[in-house]
Each structure stands twice: as structure tokens, then as C-alpha cells.
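Worksheet: one structure, shown below.
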Amino acid sequence: MNIPNARERILDAAVKVFADKSFEGSRIDEIASAANVPKSLIYYHFKNKDEILEILTKNFISDYLNIIESDANESHKEKFEQLGQRMQDVYYEFGKKNADLVRVIFIDSLKKTKEQPIFFKVIEAMIAKEKESNKDSNYDEQERRISEFFTSFIPNCAYICFADSWIKYFNMDKSKFDRLYLKVYEETHGAYHRNHK
């Protein structure tokens with residue numbers, strides 16, 4: 001059976017099913033139903049759910065690295081100056097496009113297991129990409145990793161996961177919420193870049 005774009009449809013459906021039911025709570029037959037493909041076709045393309053999540057994660061990391069590539073060579077001052085605009089022009093769209101997958105990765109990263117959280121892999125890839133082009137002799141990899149993870153990546157993932165429910169619960173206008181979030185983000189993560197020597 002030749003179904004056009006079957007692999008992509010399966011991956012898209014898997015994200016939706018994982019986000020709705022959780023990774024552990026989902027079944028291959030639910031993914032097949034959501035993708036409108038036979039279950040056997042999923043096993044033709046993938047060994048199991050773990051491989052599906054692994055591929056989704058690799059694609060997410062690759063896409064994330066592509067969007068951060070433009071600022072990998074920037075100084076801290078340049079990063080600070082471009083932070084608000086880049087957030088509005090690039091990161092908001094990336095977050096909206098990947099909201100369900102971010103939820104899945106967020107939940108998976110919170111599990112207490114022997115494996116390292118997927119979020120660590122994202123930050124590790126980002127720092128490796130940044131190091132390739134960084135000429136700063138004072139570059140502190142550990143400091144950058146901590147700053148990016150705790151003042152940028154995690155807050156932005158929380159924004160992606162909770163913005164809509166926050167707005168409803170606290171009866172806020174979406175544009176006001178976005179403005180306030182961006183202000184706070186610039187005052188926290190932006191401060192790292194602004195004050196960095």
C-alpha cells in the first residue's frame with residue numbers, strides 16, 4: 001500500500017496523540033487511526049513508539065538549531081539588542097508550530113529515569129553549535145548552558161505550554177500577556193547578555 005507522505009502523516013499524528021494521551025498512555029493503533037493509515041504501515045516506517053519519539057526529537061533539535069544559527073556568532077551585546085525582536089519574529093512562531101511536541105518533550109523531560117532528559121539534549125546541541133563559531137576566549141560553556149536552560153529555554157517552553165490556559169484563567173488579553181512576557185524575558189534572560197562581560 002503506497003500512501004503519499006505516510007511517514008510525515010504518522011509523525012504529525014504521533015505528536016497529537018502523544019500530546020493528548022501522553023507518550024506512555026498512547027498506543028500505536030491510536031496513532032494509526034489519527035494518521036488514517038494501517039497499523040502495519042507504522043511498523044514499516046518505525047520499530048516502535050520510542051523510535052517515533054526519537055525521530056520527532058531529532059527533527060525538533062535540527063529545526064531549533066536552524067533558527068538559532070543566525071545568532072550563534074553574535075556577541076552578548078548583539079544578542080541583548082536583538083532579543084525582543086528575535087523573540088517576536090522567530091521564536092514565537094517556532095513555539096506555536098511545535099507547541100504539542102514541546103508539551104510531549106516537557107513531560108518526558110520531567111520523568112525521573114536513568115536517561116537524560118530530552119531538554120538536556122536540546123541545550124547540549126545548542127551549546128555545541130554555538131561553540132563551533134564562538135571566538136570568545138572567555139567563553140564559559142557551563143555558564144552559557146545554565147543561563148540558556150534556566151533563563152531562556154525552560155521559561156519559553158513554559159510559555160508555550162501555559163500561555164493559553166494562563167490567559168483564560170487570569171482573564172487576560174493575549175497581546176498584553178505577550179507584551180508582559182517579553183518584558184520579563186528581556187529583564188531576566190536579556191540581563192544575562194546585557195551584563196555579560
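Any Cβ shown, glycine's included, is placed from N, Cα and C.
Just so you know, TrEMBL annotations never went through curation; they're auto-generated.
Database features, via TrEMBL:
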- 27-46: DNA-binding region (DNA_BIND)
- 4-64: domain 'HTH tetR-type' (DOMAIN)
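For the DNA-binding region (27-46), the number of residues in each DSSP class (helix H, G, I; strand E, B; coil) is 15 helix, 0 strand, 5 coil. Same-chain residues lying 6+ beyond the ends of the DNA-binding region (27-46) with a Cβ under 8 Å from its Cβ atoms: 1, 3, 6-7, 9-10, 12-14, 16-17, 21, 52, 55.
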